[in-house]
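Student: Let me give you the structure first, and then I'll get to my questions.
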Ligand SMILES: *Cc1c(COP(=O)(O)O)cnc(C)c1O
């Protein structure tokens, strides 16, 4: 029996997608083998790849002037790919907004290749909020500004897109496809698939074409957006099964009404949970109200000794993946697109019951 899955990543996938993959697994479209057993150079797989790209373009209204790349190495490889691809012309300087765990990793990696200025940080209040829109200034020679629109571990989400003169780079791993985005305000958007897009093993980068010519000399082939773009993301063998499965998720998203429908659903799901947490005298959200994520909802119990009994009872109630990240403790419910409203209704009912019994 499938349970309600609040895992932060790899995370829940839409049930119809899993059924379709199951149906097609042994004999894909009459080929007599699975889609992961054929060459990525076959006309059949190229059609799968192109359809996935077109569906993603449709979902996010990606302009023609952007390349859509399907890559490996997760978002973490992109932490290095960003400076490697953008520091080639100019001063090797970049601005970063520091909003928590993932921003810190991106900053640390970029510092290996150039000079990073942290133009805004929410460290003063322990990363419980997103730095405000007008509280910082871009540096003079920045090759780009990097930020993390949704901090998956802290549960902090920006409710605005930074306005800058240099290319804006965003790590959208945990919020891509959860709402419409003005792609033309960005130079580069990247995301690992395993939160809101598909299985692990594939990442997407959406890169404005003029930024394909700014790489540092000696860039490793596997990190080069230009190489990937010129080869249709097939310079080497791509993760074909993850690409195919992400494509099924894109088709499912379109059938659900696209990212507008996902945005409405995300608002509804997260509001239901935050309203409960704010009413509760036992559970609470550590994140400041204006910056609360619609995707990842960390919460704490008034009594830490109940952590273990809480997780055990949740497991028995059919609620999976509620343990918070090891770096911060507490609990976290991730409410990605594939998590249905009923799952959140069941979670709130469980929390309410647990509070009545143990709170
Ligand atoms: C999960 C996550 C990452 C790391 O992704 P990998 O694919 O494991 O490299 C980076 N940034 C954000 C915002 C994430 O949520």
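Any Cβ shown, glycine's included, is placed from N, Cα and C.
A TrEMBL annotation is a machine prediction, not a hand-curated record.
Take a look at what TrEMBL says about it:
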- 4-345: domain 'Aminotransferase class V' (DOMAIN)
- 41: L-glutamate binding site (BINDING)
- 75, 76, 102, 152, 171, 194, 236, 237: pyridoxal 5'-phosphate binding site (BINDING)
- 195: N6-(pyridoxal phosphate)lysine (MOD_RES)
Student: Between the Cα atoms of residue 171 (pyridoxal 5'-phosphate binding site) and the residue listed as 'N6-(pyridoxal phosphate)lysine', what distance do you get, rounded to the nearest Å?
Tutor: 12
Student: In DSSP terms, helix, strand or coil for residue 194 (pyridoxal 5'-phosphate binding site)?
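Tutor: Where residue 194 (pyridoxal 5'-phosphate binding site) sits, the three-state DSSP reduction gives coil.
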Student: Counting every protein chain present, what is the number of Cβ atoms, excluding its own, within 10 Å of the Cβ of residue 195 (N6-(pyridoxal phosphate)lysine)?
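Tutor: A count of 29.
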Student: Return the average pLDDT for the domain 'Aminotransferase class V' (4-345) as a whole number.
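Tutor: Across the residues of the domain 'Aminotransferase class V' (4-345) the model's pLDDT averages 97 on the 0 to 100 scale.
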Student: For the C-alpha pair, I'd like the distance in angstrom between residue 152 (pyridoxal 5'-phosphate binding site) and residue 195 (N6-(pyridoxal phosphate)lysine), rounded off.
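Tutor: Cα to Cα, residue 152 (pyridoxal 5'-phosphate binding site) and residue 195 (N6-(pyridoxal phosphate)lysine) are separated by 9 Å.
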Student: Taking only the binding-site residues 41, 75, 76, 102, 236, which one has a CA atom nearest to the CA atom of the residue listed as 'N6-(pyridoxal phosphate)lysine'?
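Tutor: When the Cα distances are compared, 75 comes out closest.
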Student: Quick one: among the binding-site residues 76, 194, 236, 237, which has the most Cβ atoms sitting within 10 Å of its own Cβ?
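Tutor: Selected residue: 194.
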Student: So which of the binding-site residues 75, 76, 102, 171, 236 sit close to ligand 1, that is, with a CB under 6 Å from an atom of it?
Tutor: 75, 76, 102, 171
Student: If you measure from the CA of residue 41 (L-glutamate binding site) out to 10 Å, which binding-site residues from the list 75, 76, 102, 194, 237 are inside that radius?
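Tutor: Of 75, 76, 102, 194, 237, within range: 237.
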Student: Output, ordered by sequence, the same-chain residues six or more apart from residue 102 (pyridoxal 5'-phosphate binding site) with a CB under 8 Å from its CB, or 'none'.
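Tutor: Long-range Cβ contacts: 75, 148, 151, 152, 153, 171, 173.
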Student: Other than its own, how many Cβ atoms are within 10 Å of the Cβ belonging to the residue listed as 'L-glutamate binding site'?
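Tutor: Within a 10 Å radius of the Cβ of the residue listed as 'L-glutamate binding site' lie 9 other Cβ atoms.
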